[in-house]
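Taken from Swiss-Prot, the feature N-linked glycosylation site applies to N206, supported by sequence analysis. According to Swiss-Prot, the feature region 'Disordered' maps to 1-23. The site 'Important for channel permeability' feature in Swiss-Prot is assigned to T334; the stated evidence is similarity to another entry. Under the heading transmembrane segment, Swiss-Prot lists 61-81, 85-105, 111-131, 138-158, 169-189, 237-257, 279-299, 327-347, citing sequence analysis as support.
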Amino acid sequence: MDDNPTAVKLDQGGNQAPQGQGRRRLPKALGYITGDMKEFANWLKDKPQALQFVDWVLRGISQVVFVSNPISGILILVGLLVQNPWCALNGCVGTVVSTLTALLLNQDRSAITAGLQGYNATLVGILMAIYSDKGNYFWWLLFPVSAMSMTCPIFSSALNSVLSKWDLPVFTLPFNMALSMYLSATGHFNPFFPSTLVTPVTSVPNVTWPDLSALQLLKSLPVGVGQIYGCDNPWAGGIFLGAILLSSPLMCLHAAIGSLLGIIAGLSLSAPFENIYAGLWGFNSSLACIAIGGMFMALTWQTHLLALACALFTAYLGASMSHVMAVVGLPSCTWPFCLATLLFLLLTTKNPNIYKMPISKVTYPEENRIFYLQSTKRTVQGPL
């Protein structure tokens, strides 16, 4: 006689077992497409090289927002196409060229397969297209895009040699260096590749508070995330948030919070409303909030609050740097995010709940937190 009530219930209700199995299969199926899709990467190892290369490129496109997920890469590519197909094309060209260059330079294969040798060039391609004064479909631009994309693995390798001594990531420093170098070399008056003229503020902006639109502020939240890829379309920003959500809900939450804090910082400094609506106050703080809020620091309440502080600090630093760099005719790009986040990662504290992740163990926030909890448990049990 079987006294197991579960077994009796399943025998009497024949449809119970399939439903239970279905509920179990759904989280398992989601596990294959969320996170960093490690199982898919393992499955690709014995597949044709061309198929693997496509995976590396898609991961490179998504790595701009710290995501190593090819499906997220596809969604982000869709968002770029919604914004501007020409920018999407330049971003893809940059990613492909940079990844190929990394292969030719025999860079670390695990970094290449994770998309870490492509994401800087994704931004280089997109932003070179945006800052080009020749407009869309100026096909000659693909040559300097390819040339500058080839410098990204060189910058990455050189910076990694220095920053690895402190176990720090290179972030988008290679992108900032490559784009700043290109825009400085060409400028607005170059006869072949003129760029958009960047000028400092020379008069008091006309800010009329009664004209502030709540709807526009609401739209500026996804636009702030979209501006990470140089997109001012709220639909594109919404797609990017969905791509981040697919990989990590915690990252998506911090991306949105970071953009919101950027808006608040802009309002606190009485910034021109059009700049806030365009998301120019949100993208650096969004990246900073993701980086500290679970990506490069294990997520706890303490690091969550630290991420909020870093996002605000980044937004104010962005305002400062944009004024300074405009004097020499350059945009601030993601310099504020890189400098502010590196500063926060160099923070030393005796608080055990503020735990900086070893770079070799960084994956995505949920997995990082599991590693942190296991590491803490081993530390507690060690003396025993």
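From the backbone N, Cα and C atoms, a Cβ is placed for every residue, glycine too.
Owing to the predicted nature of the structure, the values given are computational and were not obtained by experimental measurement.
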Annotated stretches the transmembrane segment (169-189) and the transmembrane segment (327-347) touching (3 or more Cβ pairs under 8 Å): yes
Touch test for the transmembrane segment (138-158) and the transmembrane segment (85-105), at least 3 Cβ pairs under 8 Å: yes
Other CB atoms within 10 A, centred on T334 (site 'Important for channel permeability'): 26
Long-range Cβ neighbours of the transmembrane segment (85-105) (under 8 Å; 6 or more residues past either end): 53, 56-57, 60-61, 77, 111-112, 117-126, 128-130, 136-137, 141-142, 145-146, 148-150, 152-154, 157, 229-231
Tertiary neighbours of the residue listed as 'N-linked glycosylation site' (same chain, Cβ under 8 Å, six or more apart): P272
When counting Cβ pairs under 8 Å to the transmembrane segment (111-131), the leader among 237-257, 279-299, 327-347: 327-347
Cβ contacts under 8 Å made by the transmembrane segment (279-299) with residues that lie 6+ beyond its boundaries: 65-66, 169, 171-172, 220-221, 223-228, 232, 237, 248, 250-251, 254-263, 265-266, 271, 306-308, 310-315, 317-319, 332, 334, 336-337, 340-341, 344-345, 354-357, 359, 362, 364-366, 368-369, 371-372
